[in-house]
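Here the structure comes first, spelled out in structure tokens, and everything after it is commentary.
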Amino acid sequence: MKRQSALVVFSGGQDSTTCLFWAMKHYEYVETVTFSYGQRHSQELEVAKEIAAEQGVKHHILDMSLLGQITENALTSDIAIETKDGEVPNTFVDGRNHLFLSFAAVLAKQRKIRDIVTGVCQTDFSGYPDCRDVFVKSLNVTLNLAMDYEFVIQTPLMWLDKAETWELADQLGKFDYVRQKTLTCYNGIRGTGCRQCPACHLRQAGLEKYLSQKGKN
């Protein structure tokens with residue numbers, strides 16, 4: 001039986017688009033919310049808008065540009081992407097998932113929606129502390145207390161690696177759509193991306209692993 005309604009935190013990338021299709025399978029009614037936070041690859045706003053329109057779901061865009069005023073990172077500033085052993089990559093935006101989920105919860109309550117779907121993933125979390133299961137569960141409790149509302153934060157990708165996320169898209173019948181239409185690349189290139197940035201490397205490695213495993217079955 002499908003649950004009633006859900007709000008998907010949506011960027012138009014591989015993970016959130018897979019979550020959108022997951023939500024459309026499991027819920028009667030789905031809305032999406034995208035955040036404009038001064039990201040360098042602003043194309044993601046247009047991609048998210050386009051995908052939401054194609055799938056016939058209501059799409060909200062919230063202005064979170066203040067993030068760019070108080071943080072310095074490779075996603076909102078014109079600095080080179082760096083990954084150092086033992087350190088959080090400089091693509092990490094302090095407070096992003098915390099703020100996004102909190103504002104998504106405010107919107108969800110106004111829309112009379114209890115379930116919030118997010119594509120955060122601990123398996124491939126790249127050292128990002130706000131992608132951990134313990135963080136999401138803690139925030140879920142905090143939001144319920146803060147707004148006296150029974151939210152449920154759904155994380156369908158939490159324990160999946162990138163190959164398994166591709167598998168889920170395939171199981172949902174959306175493999176080609178996700179492969180061709182989504183934008184994961186830090187340099188704003190849709191589909192296969194630039195093949196150079198960390199996001200593209202992770203996406204491509206997962207794709208190759210899944211296709212290899214699928215070929216053996």
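Every residue, even glycine, has its Cβ placed from backbone N, Cα and C.
For PHE10, SER11, GLY12, GLY13, GLN14, ASP15, SER16, THR17, THR18, CYS19, LEU20, the entry in Swiss-Prot reads ATP binding site, with the evidence type sequence analysis. Annotation for THR18 (ATP binding site): same-chain Cβ neighbours under 8 Å, separated by at least 6 residues, are GLY119, PRO156, LEU157, THR165, LEU168, ALA169, LEU172, LYS174, VAL178.
Under a cutoff of 8 A between CB atoms, and with a sequence separation of 6+ in the same chain, the neighbours of CYS194 (Zn(2+) binding site) are CYS185, TYR186, ASN187, CYS200. Taken residue by residue with DSSP, CYS194 (Zn(2+) binding site) is part of neither helix nor strand, so it is coil. According to Swiss-Prot, the feature Zn(2+) binding site maps to CYS185, CYS194, CYS197, CYS200.
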Go through LEU20, CYS185, CYS197, CYS200, our binding-site residues, and report the one whose Cβ sees the most other Cβ atoms within 10 Å.
LEU20
Under 8 Å by Cβ from GLN14 (ATP binding site), counting only residues of that chain that are 6 or more apart:
THR165, ALA169, VAL178, THR182, THR184, ARG203
